[in-house]
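**Q** Feature annotation from Swiss-Prot assigns N-acetylalanine to Ala2; the stated evidence is similarity to another entry. Swiss-Prot lists 6-20 with the feature region 'Required for nuclear export'. Positions annotated as phosphoserine by Swiss-Prot: Ser12, Ser114. Under the heading zinc finger, Swiss-Prot lists 21-58. Among the features that Swiss-Prot reports, Zn(2+) 2 binding site is placed at Cys33, Cys36, His54, Cys58. The compositional bias 'Low complexity' annotation in Swiss-Prot covers 62-74. What Swiss-Prot lists as region 'Disordered' is 62-161. If you look up Swiss-Prot, you'll see 142-157 marked as compositional bias 'Gly residues'. Feature annotation from Swiss-Prot assigns S-nitrosocysteine to Cys178, Cys185, Cys279, Cys300, Cys303.
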Amino acid sequence: MASDSGGPGVLSASERDRQYCELCGKMENLLRCGRCRSSFYCCKEHQRQDWKKHKLVCQGGEAPRAQPAPAQPRVAPPPGGAPGAARAGGAARRGDSAAASRVPGPEDAAQARSGPGPAEPGSEDPPLSRSPGPERASLCPAGGGPGEALSPGGGLRPNGQTKPLPALKLALEYIVPCMNKHGICVVDDFLGRETGQQIGDEVRALHDTGKFTDGQLVSQKSDSSKDIRGDQITWIEGKEPGCETIGLLMSSMDDLIRHCSGKLGNYRINGRTKAMVACYPGNGTGYVRHVDNPNGDGRCVTCIYYLNKDWDAKVSGGILRIFPEGKAQFADIEPKFDRLLFFWSDRRNPHEVQPAYATRYAITVWYFDADERARAKVKYLTGEKGVRVELKPNSVSKDV
């Protein structure tokens, strides 16, 4: 791999973005395939599990990636003016989710690579070598100069309006242009304080009655899962006793997505997962950088609703940091109460949850692209094996 300058062993930011475990999407402490040197895995076990598929495309030398990056809009730098004021169609007010960036410097260039050569053809044990440290560098490594800030934030009440926008207007005039331009969209004050409080009460009741279990990985054959993700989760359909307001939240999300139908990239969204209700217990756990859908399992949009009143990230941490592909910038999203977040689920948006030092609740739903979902043969990334819930076209839309 080489940078645009052509120097040997120098990685561009976009090349670093494409380094993730081919099986689970993890982006830290990766091992490189010793044969093609263009695929990565978080452990030997995950490479073995993926070898049957990978060996069909694994070739010696610097083979290019099998699939190019999707030709979708990326997160763009903010327009001229005040730093951090990224707007979608001029409709949204600035969010309070500040983003920071650093520009990688020459010191981040990778050294000449070393490691085992290509494996003998037909080898049953796939070759693997440790990915050099500099190639695992963050998009925003220490030592670089400060860059432009990026704020994907926005509000449910753009331009200082005091009345919430109807769902159709919010979807078409804010969410669609914001997603297609930036790939990230934040809506504040989504359902209102009273409804948000009711959802929080239902989630805490689930937690208090022992409904949560440790977040699962694709493979549980090692003891390192808690080092990767420290949350506890439960899956909710929305019809369970005591989860009526969570069901209302899911219906409200569905309404927004339905209004966006056919306008979010090239996707044809026709279903979603159940809701994953997650809790970080506040003991300093987080979730390392990863990609929700690195292997085309059908998920195209990640939608997260936060439930944390009076959250102060300076004290409690818990920020969701998104590293948009190909950008020397990252977007920091604070998990604030009644905040709704959308972003593309594929490798355009690697992200991490930074350590949380107070109890942190969130509800996540993933929406499916019909065509990609139909092509997906292995359904293992969602934890519920891609449970599909139909979006009923005759659902009565609600203003939110």
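Just so you know, glycine gets a Cβ as well, placed from its N, Cα and C.
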**Q** So, by DSSP, how many helix, strand and coil residues make up the zinc finger (21-58)?
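**A** Residue counts in helix, strand and coil order: 11 helix, 7 strand, 20 coil.
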**Q** Just give me the nearest neighbour of His54 (Zn(2+) 2 binding site) among the modified residues Cys178, Cys185, Cys279, Cys303, Cα to Cα.
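**A** Smallest Cα separation from His54 (Zn(2+) 2 binding site) among Cys178, Cys185, Cys279, Cys303: Cys303.
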**Q** For Cys185 (S-nitrosocysteine), find which of the recorded positions Cys33, Cys36, Cys58, Cys279, Cys300 come within 10 Å, Cα to Cα.
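**A** Among Cys33, Cys36, Cys58, Cys279, Cys300, not one has a Cα sitting within 10 Å of that of Cys185 (S-nitrosocysteine).
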**Q** What is the nearest of the recorded positions Cys33, Cys36, Cys58, Cys303 to Cys178 (S-nitrosocysteine), using the Cα of each?
**A** Cys303
**Q** Within 10 Å of the Cβ of Cys303 (S-nitrosocysteine), how many other Cβ atoms can you find? Include all protein chains, please.
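**A** Excluding its own Cβ, the number within 10 Å is 23.
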**Q** Cys33 (Zn(2+) 2 binding site): which of the modified residues Cys279, Cys300, Cys303 is the nearest Cα neighbour?
**A** Cys300
**Q** Same-chain residues six or more away whose CB lies under 8 A from the CB of Cys300 (S-nitrosocysteine)?
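**A** In sequence order, Leu264, Gly265, Tyr267, Ile269, Asn293, Trp344, Ser345, Asp346, Tyr367, Phe368, Asp369, Glu372 meet the Cβ cut-off.
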**Q** Measure from the CA atom of Cys279 (S-nitrosocysteine) to the CA atom of Cys303 (S-nitrosocysteine) and give the result in Å, rounded to a whole number.
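**A** Cys303 (S-nitrosocysteine) and Cys279 (S-nitrosocysteine) have their Cα atoms 16 Å apart.
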**Q** Over all shown protein chains, what is the count of other CB atoms within 10 A of the CB belonging to His54 (Zn(2+) 2 binding site)?
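**A** Around the Cβ of His54 (Zn(2+) 2 binding site), 19 other Cβ atoms lie within 10 Å.
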